[in-house]
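Worksheet: one structure, shown below.
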Amino acid sequence: MARARLVKERPASTPADRRRPIHFAAFLLLADAALVALIVAFVPYTKIDWDAYMSQVDAFREGERDYTKIEGDTGPLVYPAGFLYVYSAIKFLTAGQVFPAQILFGVLYLVNMSLVLLLYVKTEVLPWWALGLLCLSKRVHSIFVLRLFNDCVAMTLLHAAMVLIVYHKWYLGLIIFSGAVSVKMNVLLFAPSLFLLMLKAMSIKGVFLALLGAAGVQVLLGIPFLLSHPVEYISRAFNLGRVFIHFWSVNFKFVPEKYFVSKELAIGLLIFHLTTLMVFAHYNWFKHEGGLFHFVHSRFRDATSIQQLISCKPRQSILSKEHIVTVMFVGNFIGIVCARSLHYQFYSWYFYSLPFLLWRTKFPTVVRIILFVAVELCWNVYPSTAYSSLLLLFAHLFILFGLWSSPAEYPHVDKKEKADSKESGKAM
């Protein structure tokens with residue numbers, strides 16, 4: 001009985017109720033495909049980074065392996081090697097022309113939307129009609145098909161990794177996750193949450209092997225640069241200390257520039273980021289295990305030998321789909337809240353999680369919609385202002401408060417869900 005009270009209660013649903021989100025998701029894909037086609041056909045392309053991407057790809061294809069010498073008209077190359085492979089393939093398919101690239105990114109948009117809708121349908125957190133919010137962002141459509149940013153590729157790979165992890169394909173999910181990191185490092189914002197989920201679902205040996213596979217992907221992709229100019233590659237491709245230009249900041253435009261670029265702000269945000277992650281992990285994500293520290297202690301306490309400690313999974317290791325998606329989306333959102341600078345294309349890092357996060361709070365539906373509209377409005381103010389960035393920060397903090405004050409979902413599957421999970425795993 002005690003366990004039953006921990007499980008989130010849902011009203012009984014009929015087969016028609018369960019099919020409605022699937023049918024509506026299919027309709028949304030078709031409608032969004034038509035909208036993307038109209039945007040590509042009638043809305044002018046916006047030149048920002050495409051020419052720089054093509055210049056960097058040209059340098060790579062011509063044999064340059066020194067990252068300090070691979071540049072474009074917007075500056076030096078600052079992305080890991082996966083970026084170069086992806087955009088080399090794109091240039092091969094499009095001959096570097098914008099219009100065919102827009103069509104390609106339109107397809108990418110629909111693939112990404114399909115993955116996201118699959119996550120939403122499987123977790124059943126939103127009412128079916130709220131799935132429509134995922135198609136309503138003017139800014140995100142622009143990021144994909146009018147600006148052709150590498151953020152789009154990275155987030156599509158990230159969502160593909162999440163789908164695999166939801167189906168408990170941890171090793172393959174980690175490989176795809178590492179591939180996403182190789183395109184753009186913002187995906188690392190999901191890493192703390194993913195690591196904690198791995199500790200819940202896998203043995204220590206399994207965690208080590210999965211991380212080893214992810215690291216192997218980075219080494220394999222970076223071999224041409226690591227063998228010739230390793231210091232230059234690592235310092236440029238994995239630079240975590242970059243300071244962005246104040247003008248482009250969407251979230252902290254109200255902070256004077258001299259404070260915006262200061263180390264004090266960076267350190268303060270980093271401390272807040274790590275502290276918030278730790279607090280959520282201990283009091284929310286590991287609540288049903290007695291807290292993060294109790295969970296870690298129990299792993300050592302229950303082991304009778306080193307071999308058992310390394311090889312045995314936790315007693316309950318099959319995680320629910322809702323718990324996996326919640327932990328990953330919330331962990332990434334905490335990173336977004338604490339980011340010193342969010343540029344316009346960075347909206348794609350968390351837009352697709354916004355409806356999920358809002359419905360994980362206990363806010364009334366009207367408040368959820370207001371917050372969604374407020375965030376979208378802030379991202380469509382150009383250039384950003386002190387007022388728009390203050391509103392965005394307030395909305396972010398309000399959502400974060402709503403997530404903190406909501407009860408934690410039960411993290412494990414019951415027997416019926418476990419059987420369904422095994423069947424789904426076979427199908428995958």
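Backbone N, Cα and C atoms are what each Cβ position is placed from, and that goes for glycine too.
The shown structure was predicted, so the numbers you read here are calculated from the model rather than taken from an experiment.
Taken from TrEMBL as is:
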TRANSMEM  21-45  transmembrane segment
TRANSMEM  101-121  transmembrane segment
TRANSMEM  148-168  transmembrane segment
TRANSMEM  174-199  transmembrane segment
TRANSMEM  206-227  transmembrane segment
TRANSMEM  266-286  transmembrane segment
TRANSMEM  323-342  transmembrane segment
TRANSMEM  363-382  transmembrane segment
TRANSMEM  388-406  transmembrane segment
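Tallying C-beta pairs under 8 angstroms between the transmembrane segment (174-199) and each of 21-45, 101-121, 323-342, 388-406 places 323-342 first.
Sequence-distant contacts of the transmembrane segment (323-342) (same chain, six or more residues past either end, CB-CB distance under 8 Å): 119, 123, 125, 162, 165-166, 189-190, 192-194, 196-197, 244-246, 248-252, 260, 265-266, 269-270, 272-273, 276-277, 280, 285, 349-350, 353, 356-357, 360, 396-397, 399-400, 403, 409-412. Counting residues 6+ beyond its ends, the transmembrane segment (388-406) has Cβ neighbours under 8 Å at 249-254, 276, 280, 284, 330, 333-334, 336-337, 357-358, 360-363, 371, 374-375, 377-379, 381 in the same chain.
Within its own chain, the transmembrane segment (21-45) has Cβ neighbours under 8 Å at 98-99, 102-103, 106, 109-110, 113-114, 117, 120-121, 124, 128-129, 131-132, 134-135, 141, 144-146, counting only residues six or more beyond its boundaries.
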